[in-house]
Amino acid sequence: DFLCISLVNGFTQLRYNLGDRTIILQTLQKVHANTWHSLNAGRVGNEGYLDLDGINVTRKASPGMNALDAHSDFFVGGVSSLNLVNPMATENEPTGFTGCIREIVINNRELNLTVTDPKGGANVGDCDGTDCGYTVCKNNGTCQVENSGFSCSCPREWTGIMCEQSIHCSQNMCGSHALCIPQPSSFSYTCACALGWAGKYCNNKIKFYIAKFVGNSYIKYTDPFYGKRDLRYSRLSLNFTTNQTEGLIVWMGKTEDEDNDFLAIGLANGTLKVVINLGERISVPLMHRKYFTCSDGRWHFIKVVQNQTCIKVYLDEELILFEDIDPQRKYTALNYGGICYFGGFESGRKVNIVTTGLFQTEFIGKIKDVVLFQDSKKIQLMKAEGYNIHDGNS
């Protein structure tokens, strides 16, 4: 499998192969030299699109493979060895790119094109040639080159050397264990408290064994034993209580792009909802209509057991769901990257967007007694990363 963008005789080409045939899209217009161009290219399933400066070319979906199983590094501008390039990926013999590239965004994540961020590279220079460069000034600030370096002219809502700070947070009183979250509608701010801290300005140290989520809360736990897990046989259990009918309780997975494996538990219309994706976006929502009692403010115990493609869901010790999500056994392991989110995601990342509509909102309620796989000890949520978690013991 491969996906490749290249220049061919002055035109831009997108080529991709998902395992059955090579699909080729080419722009209608030529690329003009010595001017910046905007290029959007990609695929949804096996339906491709290529957009150069707003002029779009698409290839409609057809029966066949629809997942990109490419396990190589991601190369920009060239490759470490030209024989790594699939013969069908370019029209002519592959050669390295000569020119300037900036603002590379893959699946909504921008790559940092710096000296230190990439895994490697060679023979790459600074294209801009000035202290301004690309996006030195944040939040649509305008950069001006000066004798001493550069200066930023900031939009009305932003301040700081690089327009990195909201004017609403310029005089904030948030403590050292807090993030200042601007609230432009009220010309104010709120303080988001790191785990173990609470209060209006996050100055009060707290301990908790029961995590209380208030809607703008999340915990991100990194599994220290991930490298030793047998990912064909995973298990997750916890206790939760809520009086809300919607909310993401836990997302076991990386959330970096659409092809990441995940196991998710949450509420939809008051009903327990479990979704699992072992690869190729096979994410069948498992719901049980009988149980509308999860939003009753009582404690409930949930356990999800994955035995390759067979999924069992227990609610309050009763087996409520048992399904084989892929009898063909194409993918059998939950490659979740060792990451578990509880209650929601990082600030600015909306649940309905990250989960592509599988869950609508952040969790409001309490979680305790989280156990991964068959570990003898519960997860210590206090030692994870997160914000706006309150002491649920009281």
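The backbone N, Cα and C atoms fix where each Cβ goes, and this holds for glycine too.
Residues or ranges marked as disulfide bond in TrEMBL: C100-C127, C154-C163, C174-C191, C193-C202. Marked as domain 'Laminin G' by TrEMBL: 1-127, 208-394. TrEMBL lists 128-164, 165-203 with the feature domain 'EGF-like'.
Projection of TrEMBL feature records onto the structure.
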residue : record         : Cβ neighbours (10 Å)
C100    : disulfide bond : 13
C127    : disulfide bond : 12
C154    : disulfide bond : 21
C163    : disulfide bond : 21
C174    : disulfide bond : 19
C191    : disulfide bond : 23
C193    : disulfide bond : 26
C202    : disulfide bond : 22
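If you take every residue in the domain 'Laminin G' (208-394) and average the pLDDT, you get 87. C174 (disulfide bond) has C202 nearby among the disulfide-bonded residues C100, C127, C163, C202, counting only those with a Cα within 10 angstroms of its own Cα. The two recorded residues, C100 (disulfide bond) and C191 (disulfide bond), show a Cα separation of 40 Å. Using a 10 Å Cα-Cα cut-off around C202 (disulfide bond), the disulfide-bonded residues C154, C163, C191 reduce to C191. C163 (disulfide bond) sits 20 Å from C191 (disulfide bond), taking the C-alpha atoms as the reference points.
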